[in-house]
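As structure tokens, the structure follows; a few thoughts come after it.
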């Protein structure tokens, strides 16, 4: 009995590190096989699903699988530094093992580490930095919001989906630029076993670790209670684990006194920053993946390539809603914010609406500046033209953009803002399904009108595309075209608010359970 107990204790102590080894091993061999012998069109989706599988399988034991994530977890006290060092060692060993097996399995050479043809190191730094930071922030935010720690109890269940969808978005926007590695363990494991230049590997690792640090800073700004109070430290979570007899000791229970019993309301500055970050990632993904599609124009699968832009944008929206939706509402679209305000029920005061729209517009401008280097390096075509496609009239823009922006906004209203107890089946931003529903609405709408309007569906994206056009081609008709698209999209938001009122009339009556309106 004593030997069995000792074995269980040893296994319990080593299982997180073994889980990190196995998960990173799976990611490494998956990346090598898909990059060297797979269909590159579907590689981002394959790698995104691989992250979901790997993280979902080892989340109970470890669940980092990335040294940049482990570093960020240590900085914000979501993991002990002794644990971080062990995780990083296990991840590096797993990636080296996966890279070695891939080298033996495949006869096509190693994975290329460095800028892809037609791009430079500047583009690598931008894509690897932006998407590694977004990847780490998704993991951090879902982890920090779990287990009663801060808002959104249970959000850790979203972590595999949040980082998996971010990997999909990053893949379509950066696979043809930097290879979309986003993971120092993969860089070293696949680079060293594949004969890559050590200097190139070091540059990738440096950018990715810096992005992990940046993600930890962004977490403390969007969820300040995760570091400055109201949450559980790594020590408190360790103390909450059951003892050998399966119960919590008095000392363990005393260590949980730092757990908040009431979810605090997010700071307004945290809402602004969350909307800025989410909008930037969504718009940047839409723009850069559009540039890459233009570089590959032609061929029988051009329609599928164009649709990939909207699949990537939808994946970015889904990931950001999982990561930040419980802070700001997860609009990332001025038309959606406008729809929420127009729906009434005191969701936004005028100042809050205007401040969120300013944050979203600012993110669009910043995204435009980071999109310009890709457009200059590309075929000198604008990311996406803001006018009706060939064979269609301008009324296509009015009807297409307003209709499918309305669909996006209506899904947000129905899945995240219904509070009345008289709609017991209604979901909220903390549930599992809203992020997926919103992402699917974005993908469906974008693909539906790609051939008529370009499927922008977002005034922030319209502004970014227009700003990018002004920076690369001059003013021209861009301001007028941007205003036209924005008006159509805002009109879609108004229609969504009207449809919401028609389908949820009890939200506008006093709730007998609360004595207030549905909100």
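Heads up, the Cβ atoms here are built off N, Cα and C, so glycines get one too.
What TrEMBL records for 21-43, 49-69, 81-101, 121-146, 158-175, 195-219, 272-293, 308-327, 348-376 is transmembrane segment.
Of the two recorded stretches, the transmembrane segment (272-293) lies close to the transmembrane segment (158-175), with three or more CB pairs under 8 Å once pairs fewer than 6 apart in sequence are set aside. Remote same-chain partners of the transmembrane segment (21-43), defined as residues 6 or more beyond its termini with a Cβ less than 8 Å from a stretch Cβ, comprise 50-51, 53-55, 57-58, 62-63, 65-66, 90-95, 97-99, 101-102, 105-106, 108-109, 111, 171, 175, 179, 181, 183, 185-186, 189-190, 194, 301, 304-305, 308. Using the rule of three or more Cβ pairs under 8 Å, pairs at least 6 apart in sequence, the transmembrane segment (195-219) is in contact with the transmembrane segment (49-69). Per-stretch counts of Cβ pairs under 8 Å to the transmembrane segment (49-69) identify 158-175 as the leading one among 81-101, 121-146, 158-175, 348-376. Sequence-distant contacts of the transmembrane segment (81-101) (same chain, at least 6 residues past either end, Cβ-Cβ under 8 Å): 16-18, 20-29, 32, 62, 64-67, 70-71, 73-74, 110-111, 183, 185-186, 188-194, 234. Same-chain neighbours of the transmembrane segment (348-376): 122-123, 126, 130, 177, 268, 271-273, 275-280, 283-284, 287-288, 291-292, 328, 331-334, 337-338, 340-341, 382-383, 459-461, 463-465, 467-468, 471-472, counting only residues six or more beyond its ends whose CB sits under 8 Å from a CB of the stretch.
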